[in-house]
């Protein structure tokens with residue numbers, strides 16, 4: 001079986017051998033609540049940044065976009081991301097100690113009260129021994145707490161004003177890519193606007209059809225800047241810190257395997273969204289549908305443009321139609 005869309009963007013279908021190996025349909029009473037796991041790439045999928053810096057986003061519009069304006073906005077984002085990483089998320093101290101997820105060293109955290117802990121004096125070194133792994137685990141715990149707080153409760157008013165203005169200008173320049181991606185994540189989560197803030201403190205949510213949904217991020221960037229980007233691009237209420245994975249050293253296929261192991265249960269479905277070959281190849285190995293995001297104007301698999309109806313088709317190619325065809329994905 002191939003992924004729902006191959007790396008060149010062609011929709012693929014189940015082979016007869018795959019179909020023959022499918023289990024007999026279960027009765028509605030025996031089927032547990034479905035779990036849909038949406039696995040997202042970040043850059044050039046939920047967020048446009050590299051394409052702004054390299055002018056490739058503007059060039060696709062054949063002169064209709066001011067490329068230099070995009071480059072300048074991209075540089076401002078880079079500066080803001082690094083500033084917040086260094087000032088609030090220990091990045092200068094732990095840049096060289098990247099981990100694939102925040103709980104990677106949780107076993108070394110003894111739960112100590114950190115309210116009076118001096119992170120500048122604990123002499124954190126390379127985490128090869130238990131003492132340094134504990135120090136890094138402490139920082140990861142504080143980072144998780146700050147993620148839950150949100151930048152509105154951490155940054156000063158001047159920085160918040162700069163951030164809000166930059167977000168709005170970038171969203172306008174990209175024809176509402178950022179806000180449309182955020183809205184689509186809300187739709188995938190099955191949450192209305194008032195209830196969406198509750199997702200940050202839990203891994204999954206229920207919608208009215210009693211189907212569970214969860215958004216997971218797998219990014220090729222290092223972990224701390226990726227978490228800060230989630231905060232800055234206003235994705236933190238839709239992707240919890242525990243659902244952010246960095247494939248920087250381990251690769252996307254390893255992250256996908258962790259995700260499958262973590263969420264594996266009867267009646268679970270996975271779908272991958274991204275723009276690159278690595279996530280497409282990993283999705284194909286995992287036998288998960290893959291939706292290739294294409295930022296070029298006029299394409300359907302972009303923001304705004306991508307719909308739950310389209311995603312439902314990708315799900316059905318790999319998993320077949322759900323028992324209730326009226327459900328959203």
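Using the three backbone atoms N, Cα and C, a Cβ is placed for every residue, glycine included.
Positions annotated as active site, nucleophile by TrEMBL: 41. Non-local neighbourhood of residue 41 (active site, nucleophile): 217, 218, 219, 220, 272, 273, 274, 275, 276, 279, 293, each in the same chain, at least six residues away, with C-beta under 8 Å from its C-beta.
Here TrEMBL flags 41, 43, 275 as Mg(2+) binding site.
Of all the Cβ atoms in the protein chains shown, 18 others lie within 10 Å of the Cβ of residue 43 (Mg(2+) binding site). The annotation active site, proton donor is assigned in TrEMBL to 43.
All protein chains included, residue 275 (Mg(2+) binding site) registers 18 other Cβ atoms within 10 Å of its own Cβ. Compute the center of the Cβ atoms of 41, 43, 275, which mark the site for Mg(2+); besides them, the chain residues with Cβ within 8 Å of that center are 42, 44, 45, 46, 47, 219, 274, 276, 279, 293.
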